[in-house]
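K.L.:
Got a structure for you, written out below as structure tokens; questions coming shortly.
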Amino acid sequence: MEGYHKPDQQKLQALKDTANRLRISSIQATTAAGSGHPTSCCSAAEIMAVLFFHTMRYKALDPRNPHNDRFVLSKGHAAPILYAVWAEAGFLPEAELLNLRKISSDLDGHPVPKQAFTDVATGSLGQGLGAACGMAYTGKYFDKASYRVYCMLGDGEVSEGSVWEAMAFAGIYKLDNLVAIFDINRLGQSDPAPLQHQVDIYQKRCEAFGWHTIIVDGHSVEELCKAFGQAKHQPTAIIAKTFKGRGITGIEDKEAWHGKPLPKNMAEQIIQEIYSQVQSKKKILATPPQEDAPSVDIANIRMPTPPSYKVGDKIATRKAYGLALAKLGHASDRIIALDGDTKNSTFSELFKKEHPDRFIECYIAEQNMVSIAVGCATRDRTVPFCSTFAAFFTRAFDQIRMAAISESNINLCGSHCGVSIGEDGPSQMALEDLAMFRSVPMSTVFYPSDGVATEKAVELAANTKGICFIRTSRPENAIIYSNNEDFQVGQAKVVLKSKDDQVTVIGAGVTLHEALAAAESLKKDKISIRVLDPFTIKPLDRKLILDSARATKGRILTVEDHYYEGGIGEAVSAAVVGEPGVTVTRLAVSQVPRSGKPAELLKMFGIDKDAIVQAVKGLVTKG
């Protein structure tokens, strides 16, 4: 960024006028909608005016241009002022602002990516800065471009721990292309924010995390211009002391006005008061960006070579994941890996070894890791793969939920699933993860059962839109597929079948191998079973499951290393509900487990070979 040049008085007045027009638009829109957050918008008016019409470089009619500076409104409830900015810039018709929150309009109550100027959905507070960190990391280390990233946070959301995870990340990686603006307007939703206007404490906290920190009067366009003009070799935090409801007589800095639109009569009077301060209707044109971001193509990324496993050899799917990701990294320099200090367990360390410049260590901060991945994936700049123990992704469920709302394309690999991890005990065992990821809109849930399937899952995930989850296991199990086996999303595999099959058994990961062992044991009793590998739990191959059930007298037995709720059994039951003559019997983990050897735990919770044998015999005996 060039050195600071003080704007002349004409430019400063134009910025003041712009801020007041943004105030007016925010009040008009929320009053027309009958809901919204005008006071939260008004505290940020000067910040937004200076950012978009003095500091940022972007093409106003092409908001997602890869060269543009980025902006994340972490305090998403102030969406009306963001919409007002894009109307002021000429991208939105001003009349559209009056359709705020209507079902016929794209201007939702909080920012969402159906708006071309919104990269990530916000509104669940505390997440915007993490996404901004991902954008800034991508700009600095992958794109090596001059675009900068700005994120505005409210003081209420600074109580969220995820904010400080992001602050730490930016400080560690010296993201000097990132600016966080803290709108310290003193008031939260139901009470004052904990620090109110103690801006010096905010400053000390930010500095402790490695940020260059500046305190400003958030309603002084001159102070804001100067603060944004300071370039340092570290991220910058601007602590802007503001007043909630600034410019609204009788409401400014008053409690009990959060999320309340002004009544029509009051709004008209306030708008007249604010408008009387506007000296010129002339609008400031956006400054175009420097066009130095590289052209990127992340479509159709394929493995450079087929799998190279041997049927019968043993490998844990968690290790197969690391090998597959490292291999895929050679197909595109836009494949990146993130981990939460578990890379020697998830085997993402294999990717780091071969592609060290594309590995991001996020440390033990899973919420932030997911937000970083979302930021890295914006504008199709990268294809991120995040990994940690599957159990620890539960901590980041809100970030994953918001990633889906953001229409983000990120891939999450959770290792150490189920009781089969053994001695580490229940705190490390993922037993809720299938339920969690199945509930995410438009998600794809992979559950590979050998090394070949894992490699195919990684390749498919890289080319599948939405949130992809790959569930991997700790135990080593045999390779059961040939290297040329074709895998597709939503296509299950019949691993074992005969014309005399009496029960269809569906397992995945460890339990698929237990099912195959059970099939061998049942042969002694002249009982044949059909064994299915679903490969993806979502979407599920309903047709193959039903065809198999009909061929085995309508009997389905599911067995899974997961709790009963939300797992494979419930997915299969939902898929076949209403089908005459088809019944589903389920085996799953029924209570909080304990430490023990994997085989002991599989037996204790009734999901091992012997439990499958007994369940099959029971179904056959019933007739």
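Positions of Cβ are set from backbone N, Cα and C atoms, glycine also.
According to Swiss-Prot, the feature Mg(2+) binding site maps to D155, N185, L187. The feature SUMO2 cross-link is assigned by Swiss-Prot to K352, with similarity to another entry given as support. Marked as N-acetylmethionine by Swiss-Prot: M1. Feature annotation from Swiss-Prot assigns phosphoserine to S104, S295, S345. Among the features that Swiss-Prot reports, phosphotyrosine is placed at Y275. Marked as site 'Important for catalytic activity' by Swiss-Prot on the basis of similarity to another entry: H37, H258.
How buried are these features, and what lies next to them?
P.N.:
In the three-state DSSP reading, L187 (Mg(2+) binding site) counts as strand. The Cβ of L187 (Mg(2+) binding site) has 24 neighbouring Cβ atoms from other residues within 10 Å, across all protein chains displayed.
On its own chain, K352 (SUMO2 cross-link) has A337, K343, F359 as residues at least 6 apart in sequence with a Cβ closer than 8 Å to its own Cβ.
According to DSSP, S104 (phosphoserine) sits in a coil region rather than a helix or strand. Annotation for S104 (phosphoserine): no spatial neighbours, criterion Cβ-Cβ under 8 Å with sequence separation of six or more.
Long-range C-beta contacts of Y275 (phosphotyrosine), restricted to its own chain and to partners at least six residues apart, with a cutoff below 8 Å, comprise N20, I24.
S295 (phosphoserine) falls outside any helix or strand according to DSSP and counts as coil. Sequence-distant neighbours of S295 (phosphoserine) (same chain, six or more apart, CB under 8 Å from its CB) are absent.
Cβ neighbours within 10 Å of S345 (phosphoserine), excluding its own Cβ and spanning all shown chains: 20. A helical conformation is recorded for S345 (phosphoserine) in the three-state DSSP classification.
Every protein chain shown contributes to the tally, and the Cβ of H37 (site 'Important for catalytic activity') ends up with 26 other Cβ atoms within 10 Å. In three-state terms derived from DSSP, H37 (site 'Important for catalytic activity') belongs to neither a helical nor a strand segment and is classed as coil.
Same-chain residues at least 6 positions away in sequence with a Cβ under 8 Å from that of H258 (site 'Important for catalytic activity') are, in sequence order, H37, T39, S40, L187, G188, Q189, S190, K244.
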K.L.:
Do me a favour and check the Cα-Cα span between S345 (phosphoserine) and D155 (Mg(2+) binding site); whole Å is fine.
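P.N.:
A Cα-Cα distance of 38 Å.
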K.L.:
Tell me the Cβ contacts of D155 (Mg(2+) binding site) under 8 Å, same chain only and six or more apart in sequence, or just say none.
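P.N.:
In sequence order, F182, D183, I184, N185, R186, G188, A193, L195, Y202 meet the Cβ cut-off.
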K.L.:
List, in sequence order, the residues of the same chain other than D155, N185, L187 whose Cβ lies within 8 Å of the centroid of the Cβ atoms of the recorded Mg(2+) site.
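P.N.:
Nearby residues not in the site list: S43, G154, G156, D183, I184, R186, G188, P192, A193, Q196, T242, K244.
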